[in-house]
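Visitor: Below you will find the structure I want to go over with you.
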Amino acid sequence: MKKAVVLLSGGMDSAVVTAIAQSQGFMVHALSIRYGQRHTSELDAAVRIARVLNVAAHKVVDVDLRSIGGSALTDDIEIPDAGGKGIPVTYVPARNTIMLSLALGWAEVIGAADIFCGVNAVDYSGYPDCRPQFITAFETLANLATKVGVEGTQLHVHAPLQFLSKAEIVHEGVLHGVDFGLTVSCYRADVDGRACGRCDACKLRAAGFADAGVADPTRYMELPCSLLLL
């Protein structure tokens, strides 16, 4: 069976991508990164998802990006309730580049030619490393900068959700049997995985379920506006 490395954060998008990779016949090696994120319950969710989906392997790698800083997700910077203009303070400098690089390294070691990630360029917060151009550029890098690439193996970086709305992602998850109750998306999630209901991630998630007409299993400490209007 062909192998793939899948970046599994513990959020809903990465859970759906993991299920998609499995449905395509890949033996999934899930990779989660402990980068110093304040919402550590997301990693607990990744462990649960990997176990329930019965992935072939699950590795958690420590890369402490707090030493670099520059993000509200790692530093003592207030996480805003609403997104503003430009790139938000929740952007983590070079995060997706670093994570994909680690996935690339593991893929080369285990003999996998495919990497999956859950980046999205439709209903997203404006992160530059979620754009299709970035995924295309990284795939080019992967084939230029690896032993297997130079020796002729074509490496592929898959982002199957990049052109889907959050509602469409919810439908994909339902189609593939994903238990969204296992996932954590909130930037301010508490240690038990309860979501704040106010941050941009919570609002996007809640709106996705509402637009999809699917019950939202998220445990919110405060109901997002999109749910209060229903």
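Glycine is no exception: its Cβ is also placed from the backbone N, Cα and C atoms.
Annotations for this protein, taken from Swiss-Prot, read as follows:
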BINDING   L8, S9, G10, G11, M12, D13, S14, A15, V16, V17, T18  ATP binding site
BINDING   C186, C196, C199, C202  Zn(2+) binding site
Visitor: Name the residues of the same chain, 6+ apart in sequence, whose Cβ is under 8 Å from the Cβ of V16 (ATP binding site)?
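Guide: The list for V16 (ATP binding site) reads G118, L161, I169, E172, G173, H176, V178, given in order along the sequence.
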Visitor: Among all protein chains shown, how many Cβ atoms are found within 10 Å of the Cβ of S14 (ATP binding site), not counting that one?
Guide: 27
Visitor: Sort the binding-site residues L8, G10, S14, T18 by C-alpha distance from C186 (Zn(2+) binding site) and give me just the closest.
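Guide: The smallest Cα gap between C186 (Zn(2+) binding site) and any of the binding-site residues is with G10.
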Visitor: Tell me the Cβ contacts of M12 (ATP binding site) under 8 Å, same chain only and six or more apart in sequence, or just say none.
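Guide: Non-local contacts for M12 (ATP binding site): I169, V170, G173, V178, F180, T183, S185, R205, G208.
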Visitor: Around C202 (Zn(2+) binding site), which residues of its chain at least 6 apart sit with Cβ under 8 Å of its Cβ?
Guide: S185, C186, Y187, A195, C196, T218, Y220, P224
Visitor: Which ones in the same chain are close to G10 (ATP binding site), with CB under 8 Å and 6+ residues apart in sequence?
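Guide: Sequence-distant Cβ neighbours: S32, S41, E42, L43, D44, A45, A46, V47, R48, I49, T183, V184.
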Visitor: Helix, strand or coil by DSSP: which one applies to G10 (ATP binding site)?
Guide: coil
